[in-house]
Amino acid sequence: MTVSTESNFPHGASTQKPQSAEPEIYSSLTKSLDFSNDAEEKWWTRTAPLLSRILDSAGYTLPQQCQFLTLFNTLMIPNFGPHPHIWHSSITHSGLPVEFSVNYQPGKQPTVRIGFEPASSISGTARDPYNMVTVLNVLNKMSRLNFKGFDPSLFHTLISSLALSKNESDLLQGAKLEGSKFKTQAAFGLDLKGDAVTVKTYLYPALKCKVSGLAFSELLEAALAKHQNAHDFSRVLPLVQSYMEEGQCYNQYSFVGFDCVDSSKSRLKIYGALLDISWKKVEEVWTLGARLVNSETNKEGLRYMRALWEYLTPGKERRPVGIWNYELLPGSEEPMPKFYVDMNGENDFQNALGITKFLHHIGLTTTAEGLISKIQEYLYGVPHYPLSQTHVLFANQGPMQPRCEP
């Protein structure tokens, strides 16, 4: 479940914020913070209260909440750039550089995730037209934070094949993709598990495809050829590549993700996105064009996916946007598909109700029973906030997988 970071009230709704107490941990930390500029203070006051409420609702202990809010202030707040944002990030519909989400799995503590694309005052300027200077500065900062198991070597291996070189950047002269205002090349995701932080990287090769004239699949193969453990994906990668090309699923929205850990242990994720997607196409995507129809794991996952689709899209066979990824594990025999139901701009109460029904369906009854009240508190901390009047909290909802993620 993904939640927005800044509220935008629907047309006709009151824009007056209800009176409510700020989260205690957030308030205590804020008193001791010394911001370098007004932008940092604004990013903190507009985003940190929501993160604080999400951490609390997900069952994080008070020390953990303090730890991760402090990390948020140290690592991300100084690297969101000017406020209001000038650099348009690809990670959110609105172009904001940050997004919060919660991952629920049976038998496990919920995991809060922070997706962000670093930005700065030079992002998009002649000094950093495609934001890579800023991204690399933040990568170096994460290296100095000594996250357990953090290893940026795979980032450095793949970046030259999937992102613009200095010469290519100069050649494009700040140009964007056709029909888009986004120029993102890299972004990060942080999984907050227990007391630990796991870093994920996302690379967006569309601009590299534009300037090189090479297809996404060609760039990906060239990048993985430099990966010392590329043979670990030798069985499963051809399945994904052949379907994505056959199904005409590679486009300017395609990107890749991987874990910033020892490269022999890192997952590889290949993302696709299509506009105006039907349930029939979702089935095709899930089974890689019938390549996995005999897989029991794939069949079980598709049944979950159909249930989620029905709860979030009752009576409809099409949605405006479809986003998915194929997760490739080292040495795996088949990819694990994950599909994200894009709920941007839809009624918050109907979305929350659909998710609640799905959680009941998969046996997360306790989580389901308290979910709507928790979501209501996300908006300014009001327990009974009228979600039927808002369309701001949800972006994407992914399916529960038949097995737990590693």
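Every residue, even glycine, has its Cβ placed from backbone N, Cα and C.
These features come from Swiss-Prot:
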| type | residues | note |
| --- | --- | --- |
| COMPBIAS | 1-19 | compositional bias 'Polar residues' |
| REGION | 1-23 | region 'Disordered' |
| BINDING | GLU99, TYR204 | brevianamide F binding site |
| SITE | GLY115 | site 'Required for regioselectivity' |
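Of the listed recorded positions, namely GLU99, GLY115, TYR204, the sparsest Cβ surroundings within 10 Å are found at GLY115.
When the alpha carbons of GLY115 (site 'Required for regioselectivity') and GLU99 (brevianamide F binding site) are compared, the span between them is 5 angstrom. When secondary structure is read from DSSP and collapsed to three states, TYR204 (brevianamide F binding site) falls in the coil class. GLY115 (site 'Required for regioselectivity') falls within a strand when secondary structure is assigned with DSSP.
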